[in-house]
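Undergrad: I grabbed these lines from TrEMBL:
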type	residues	note
DOMAIN	B:23-439	domain 'DUF112'
TRANSMEM	B:12-37	transmembrane segment
TRANSMEM	B:108-132	transmembrane segment
TRANSMEM	B:138-160	transmembrane segment
TRANSMEM	B:167-185	transmembrane segment
TRANSMEM	B:197-218	transmembrane segment
TRANSMEM	B:254-280	transmembrane segment
TRANSMEM	B:324-343	transmembrane segment
TRANSMEM	B:355-375	transmembrane segment
TRANSMEM	B:387-407	transmembrane segment
TRANSMEM	B:414-432	transmembrane segment
TRANSMEM	B:470-490	transmembrane segment
Amino acid sequence: MKKIALALAAVAGLAATGAQAQDYPNRPITMIVPFAAGGPTDVVARIVTDHMSRTLGQQIVIENVAGAGGTTGITRGAQAQPDGYTIMMGHMGTHGAAPALYPNLKYDPTKDFAPIGLAAGTPILIVAKKDFPAKDLKEFVAYMKSNASKVNQAHAGVGSVSHSTGILFDSIISAKPTLVAYRGTGPALNDLMSGTVDFMTDQIVNVAPQIQGGNIKAYAIATPERSPALPDVPTTKEAGLGDYQVSAWNAVFAPKGTPPDIVKKLNDALVKSLDDENTKKRLLELGGVLPSAAERTPEGLQKLVESEVARWTPVLKAAGASAE
Amino acid sequence: MGDFVSNLSLGFSVALTLQNVGLAFLGCLVGTLIGVLPGVGPIATIAMLLPITFGLDPTGALIMLAGIYYGAQYGGSTTAILVNIPGEATSVVTALDGHQMARQGRAGVALGMAAIGSFFAGTVATLVIAALGVPLTGLALIFGPTEYFSLMVMGLVFAVVLARGSILKAIAMILVGVLLSTVGLDLETGEERMTFGLPILADGIDFAVLAMGIFGIAEIMRNLDHTETRDVVRQAIGRLLPNRQDFKQSYRPVLRGTLIGAVLGILPGNGAVLGPFAAYTLEKKLAKDPSRFGRGAIEGVAGPESANNAGAQTSFIPLLTLGIPPNAVMALMVGAMTIHGIIPGPQVMTKNPTLFWGMIASMWVGNLMLLIINLPLVGMWVRLLKVPYRLLFPAILMFCCIGIYSINSLPANVMFIAFFGLVGYMLIKFGFEPAPMLLGFVLGKLMEENLRRALIISRGDMTTFLTHPISAGLLVVAAVVLVIALLPSIRKGRDEVFTE
């Protein structure tokens, strides 16, 4: 028994030396994606890590650990060995809205991670069924203020991006429409197209094809600039609701305690990947927004996480939203 | 009509290039092999194999992924027939009669009929997609929460009819299934229900976990209970391919199954799940001797398998024409398309006609491949049953554990299949059927969510289910079927009382 323990200690020792930065990485890296394969976060992760693997000289293997709005996977990532061989793709929900939605959350987004950098932002759009009476955002907001009780707002489940961003929208315009929950964006969009529900807020990658196809209409995009994918859709600022600025961002995190030089290596690889023409092209095709130089740094990401937690907590608490 | 021909010929010119035929073949082969592993259904298979398509052009990649999908679907049926483990909701009914056939030494016939029925259904579904894909899109949009709830009610009535033996026990099992489906976060409020504070239950119980435990693990325990029944399967392997008599019995079920599956496959929210159940119920009702069902009736394999494959394929319609995935597998296909730089939506058809029609044509190529791959493999699969059970069952157990772990990388799921295995074993011992419970589980969730959605939208007005014409129609059908199903059993019950 003692021998086994010694052997284990020796192996652990080896692993520890293996974690030193000079020869990092010398084996494949696992990236936990806290959502099912094929979702928007998974797609961003796969596009970004493709080029990162080449820079690092080791494959980054995606492991999808879905559940509880992404918090299951992130909890596992936060508790992993901080040796740079387990990293994760967090997002607006897991590192912004989660503390308000999950009172028993096992991690603190602002304290339990070594941020690597922002990977991509996905703009949020306000979309409505195609025959909704209001013709622009101003009319829509005015309609909502007087008729909110008649309006049905769809979202993809408590804790989803469309749920958090939708509640934020309602709180900014101080209206209380009836919320209708769906399991995922697909069914919600289906009912928006058929006119069963009236409007929702969601990520550009999900709604852009339906806007282009004329099946639903878009009132505004909640980014500072218009999206090249939808040049006709005004920004919320142009449309008169500048307070509504929101993006479903995805960012790379490592567990707290990851050595600084490993964080730097990972950050370098991420920045190189985001500068790669092919990565850029693929992210832009999705309607994604590439982060600025400052947002790509660990410090920039830490700041973003802190401001996001501070922003979502009161909004979601006031709406009485909880996932427990 | 001219359009139809020119579109299809464009499609076949893409699908029949050497590279794409090769990819379709490879996809089907790999999908079949992995799909055969218990518990590894199409979702897990595609998720696992997604990265290997990265180096390909989008059309080739999607052709291969579609191949993996059909292959895994078919592979799942193989496991259902051979070892009684349905990997997907759609192969639950295949296990009912398919596994009984295997126990009677007719595993080859069951597998062969499943392959042939699937091929026929796939061929028809391909033509349906090519000819009617665009107009049929409207069907997906007519079905809102109200219609969907009524459809699910009809589905549950089917479940009652589906049951073998005591109707009371069947209803009890359906209700248990519905109850199990409510475990987890409440969709509307986000409250936890029946989770006992366990974080692992917060997302509810996974279908694959429940099915694998209740069917697969319980089956292993039952076999260890009395090994001699297993030896019967080993002694008589029997014919590998269906004979004329089998075809005579099966061609009508195949036709009906194809029709039912194709229609239900188009519906949003996993309507395809109902296909095999509906086909099975219909065959049982139409049969001269319904008591054969559940004891190895070939119609019980042919009908549902055709419905399954037809539905699997027509569920591509909402994805291809609207860009809206009707179920989890299609959601994964959306992800695969976006990774390859194709944003699914109504514009794909006009912007990427070669991809659109190429993919449709490749569906038929893929189905042909499956037939070519699987008919020779039938012999091999059946020989698997010859492996002594003391060697086979640890292997099945191990693959179950690997398969279930691979879905979400959660160790707790492995414990859960053991737990549900015990539950399943107890149910068998007490003479309860697990199939209605699984159906209750699948439909229960959809039913509850759509009921609440419909009532929220109607602001609590119950008549919404009767004022929507399609919904009202479905409820009437459900009521009629229920009355037809209950009358004879009530009468029989009386007869029994009187003869005593």
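Positions of Cβ are set from backbone N, Cα and C atoms, glycine also.
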Undergrad: Do we see three or more Cβ pairs under 8 Å linking the transmembrane segment (B:12-37) and the transmembrane segment (B:254-280), pairs being at least 6 apart in sequence?
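TA: Checked: the transmembrane segment (B:12-37) vs the transmembrane segment (B:254-280), no contact.
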Undergrad: Are the transmembrane segment (B:414-432) and the transmembrane segment (B:167-185) near each other by the rule of at least 3 C-beta pairs under 8 angstroms (pairs 6 or more apart)?
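TA: Result for the transmembrane segment (B:167-185) with the transmembrane segment (B:414-432) is yes.
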Undergrad: Can we call the transmembrane segment (B:197-218) and the transmembrane segment (B:355-375) in contact, meaning three or more C-beta pairs below 8 angstroms at a sequence separation of 6+?
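TA: No, the transmembrane segment (B:197-218) and the transmembrane segment (B:355-375) are not in contact.
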Undergrad: Tell me, please, if the transmembrane segment (B:108-132) and the transmembrane segment (B:355-375) are in contact, taking contact as 3+ Cβ pairs under 8 Å between residues separated by 6 or more positions?
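TA: Judged by the Cβ rule, the two regions touch, with the required three close pairs present.
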Undergrad: For the domain 'DUF112' (B:23-439), report the average pLDDT of the model, please.
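TA: Summarising the domain 'DUF112' (B:23-439) by its mean pLDDT gives 82.
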Undergrad: By a Cβ-Cβ criterion of under 8 Å, what residues six or more beyond either terminus of the transmembrane segment (B:387-407) are in contact with it?
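TA: Result: 37-40, 43-44, 48, 83, 85, 87, 206, 208-209, 212, 216-217, 220, 223-224, 227, 230, 234, 413-414, 416-417.
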